[in-house]
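Trainee: Reproduced below are the annotations present in TrEMBL:
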DOMAIN    A:11-190  domain 'Autophagy-related protein 16'
COILED    A:31-190  coiled coil
REPEAT    A:271-312  repeat 'WD'
REPEAT    A:313-353  repeat 'WD'
REPEAT    A:397-429  repeat 'WD'
REPEAT    A:454-479  repeat 'WD'
REPEAT    A:489-521  repeat 'WD'
Amino acid sequence: MSQVWKSQFHASLIERNRAEANSFLALVRSHEQILRDCLEIKQQNNQLKKQNKEQKEQLEKLNQQIEGHLSTGASVQITSQRVRELEDKIFSLQEELTSSLRSKADTSQQILDLTNEVQNLKQQLKEKQSEIAANTKLTQTVEDKNKVIQVMREESEAIRIEIKQANETASKLQEENKAFVQRIIEQKQRQYQNRQTLDSNNSEFLMLDPLDSNLGAPTIRPPVEIHHDISLDTQINDIDFSEDNQYIALAANDKSIKVYYTKSGQLHSSFFGCADSVVCVAFSPNNQMLLGGSADHACRLWSMGNARAKHTLTGHTKQVYAADFAGDNKAVTGSYDRTIKVWELNQGTCIKTMLNAKSKVHDLEVGKNNSTLFSAHFDSCIRMFDLRSYDLVREITKAHESQVTSINISRDDLYLVTCGRDSVCKVWDARRSYEPVHVLSHPDYKVNMETNKVTFSPCGSYVASGSVNGQVFVWKLKNAHDDELDSTLKGHKGLVTCVSWSPDGSVVASASVDKRVIMYQ
Amino acid sequence: MISLDHFEKSCRDFVSNQDVQLQGWKFCVVDGGGVYLNVVKRCDTRVEVNVKECEELEFEEHDPSAVAVSNTSVIEFDFHIAYHKIFKVPFLLLRATVDGIQLGQQDIIQHLSEGKDDWLPKELNHYTFLTQGEHPVLGTIYFYLHPCQTAELITTVTDRDFERIDYVAVWLSFFGRAVGLHVPMSSISNKKI
Amino acid sequence: MTNTDIIRDSEVRRQIWKGAIPLLINISSHEITSLQTPYPFYVMIPRQSYLPTLGESVRNHFVDYVSTFNKSDLWFECQGEVLKWNLPVGVLFDVHNTSHNLPWSITVHFNAFPTDKIYKCLSESDVIWTYLNTLKEAMYLQYNNVNSIMMLSKNDQTKLWEAIKDNKLNDYDETKEQFKADGTLKLHPIRIVYELNKEVKNELVPLSDEEVKAETLGSFLQKVKPNRDVERTNVVVQGIKPSLETPLDWLIDACSHPDQFLYICLTNVINLN
């Protein structure tokens, strides 16, 4: 089939499109565009016209206004007159202006000055204020100080009152003291008188010494005669008199303490309990209690009515060779274990163990007011302790060439006497110097025993001590470093173990290895 | 679907009925052979012309499209029944005028519905209900009820025995209701359905 | 058909769819009420589109110059004859513009709407609706079934319409798939358009498939319009005078408008029955 018609058709179609569409498309488009632009321009034009119109109107208005104004100035003459008037006015106004300006300048100047003044014043004010502040501070300080002063015044007032009171108390105490001293003196005098009467009562026992005929002298004569001679089965190691001179206690090797009547020489009672020899004995100040130190390392306390020991003071580890009361409730013991123990006697407990004894204690004695303690030691030292603080107060080294065997304090607490194995007795000043005041020796006087006793007489003028040869040596003390042998008491056949002088000075008792106790009067 | 001859015959039969004639139906023929049925109906109504259209007008004295709103007017309906060549069914054409002025689709529907909101089914609006088109015989522009569903509808109602029924009468009894045309019973009753 | 033929068919179709006409739209001097005369309105419009699509832009162009104005009263005429806008522009052009002057000069009126002769167009929806109705008729003729058109979605309708307005062949083809119905083709929609006694008439001449296949353009016309003056009258299809040997079925496939109708225009008609 021939397709001529088709190609024909197609060709015509192309032709149609060319003629109808293609030719005109661009043209029509640009036409549209131009129209659009034209429209826009028209719009702008309209707007501009509108603006123009408005502005013209405004201009018109202004012109009208100007014309309006111009038209009022019609006649010239009037105008010129007016002008002159106005000129005059202007002139006068100008003058006013100048004058006012001038015054304004003045005013400004015034203002400036015033401002300056104000500044100055302000400055001054500031200074004043700071001064005031300082003043107030000072006032404050002054006030504070015043207060302090007030307080101090009050304090001083109070102190003054206290002082006054204290003075009063002091004076009171002084008076009391005086009274007490007076009483003591009176008591002593009474005692002395008592003794005197006693001496006069016991005149048969006394050998009147032509040298000592005046019995009123305070120093009494040492006894010379054998009053009692007691034989025992056992050796006596220590003797102590009771303060009231009634009894004499004997520390025996047979583990007992025997108490004899001093007057009669008869046995009062015996006290038991020790496990070994009793090596020292002491009466309590109230004469109710007995203290016995033993070789069994213990010390015992007896009450006078009871043969059984009230307390056993255990604690020492070696023999208790020294014991003494410090008041009625305390006791002090010294032992070979190099300690000193302080005991409370209600319970029987050790309240202090003083290790500062340092050396074997051979003897000890409680001194002034039960507050000092003197001890004699193996290391030839004498030691002094304070019983309140338990301090070692004084240590006199090399008191003797050898061991110090015994120590005794004079009744007036002024002197100490010690005995040493160097066979010398020394009397020491116990008040100040602690120097030997007397050195007592004799060719026959020999000390062998470690616990050889030495004792003062109650008056303090005589010193007695036992010797190896069985005699008791009595020295008389006169002045410092001035002494002499007074007498020797004979009776024992063997070594004298201990010596004791009764508190009233009438009896001297001694014990010996011959198992005898002799009381000299 | 019916043929043109059948349509013509059915029209003639329809018009021959007295009651139908009383209603005002006329059978028209033109040179060249076109046929159609025509009736004119008048009723009093309050017609409110679409106000929007009014606003766009500037009134001029001789402008024929200037509208005067009157309170009570007479509305004139011009109904035609013609044969649609494509769908091969009758279809209803109409025009409405008030005081000589043609009404638009909305106004016509407004009148027909008499203000009832649910008069038109929801799927239809004034477009789909009334369409503009050429009168197949006269050539002028009328509104018409779209005939595309007609054939189906009539077929389901009758049993395809088109020859034996008054097609036009039956058809009108359905489609006339929508526009207020009532078919007298006598026009259908004497034939078997 | 050979390969070259195939290409050419689609090529032909493509070219058909490129068709556009330049319009020169004037306003009648009677209607100008302003002091100034407006510029004439030049515009290109696709052959397959419809005149009312210009309504908006025409109105805007002339609005300043016309006092009375009702947009639904806009209508076009060419040399005194009212242009029936329910026909595609290309068809109108082929029928009216015998002298083939380009651009096609037509006049726009804003008054005196001829209600008898053309539909009133209130908005573009009216145009679309008219187009769809034509499409329905075509579908009914072809397949006795309009459901596929009725069921077109709003989107598809819009797409279809836009394709026609803008000469978009691809969009049209795509949417055509939506409403293409199945079944045997019953009748082809063909219209013959001609001017007689200053009036444009169009006749519907549907042919069955077999008949169409048998005819050429010439033989078809001979059958339908036997009285025409073959020498003088022109046969125009889509602006082209095809050879009378052109097979009718090919013509239908190639030159149908988007409304599925084949429009055959006859001009210079003197006597026709």
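Residue 1 is the first one shown; counting continues down the chain.
Yeah, the Cβs are placed from backbone N, Cα and C, and that goes for glycine too.
Because the structure is a prediction, the values reported are computed rather than measured.
A description of the local structural setting of each listed feature is requested, covering burial, neighbours and distances.
Mentor: Looking at the repeat 'WD' (A:271-312) alone, the prediction's average pLDDT is 91.
For the repeat 'WD' (A:313-353), same-chain residues at least 6 beyond its ends with a Cβ under 8 Å from one of its own Cβ atoms are 276, 279-286, 288-289, 291-301, 359-366, 370, 373, 375, 385, 387, 390, 451.
Counting residue by residue with DSSP, the repeat 'WD' (A:397-429) contains 0 helix, 18 strand, 15 coil.
Among residues of the same chain six or more beyond the repeat 'WD' (A:454-479), those with a C-beta under 8 A of the stretch's C-beta atoms are 218-220, 222, 405-412, 414-415, 417-419, 425, 427, 438, 440, 442, 444-448, 485-505, 508, 510, 512, 514, 520.
A Cβ distance under 8 Å defines the sequence-distant neighbours of the repeat 'WD' (A:489-521), meaning residues of its chain 6+ beyond its ends; these are 195, 198-199, 202, 205-206, 220, 222-241, 243-245, 248, 250, 260, 262, 265, 448-449, 451-459, 464-468, 470-472, 474.
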Trainee: Go ahead and report the DSSP secondary structure tallies for the repeat 'WD' (A:313-353): helix first, then strand, then coil.
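Mentor: DSSP classes over the repeat 'WD' (A:313-353) add up to 0 helix, 23 strand, 18 coil.
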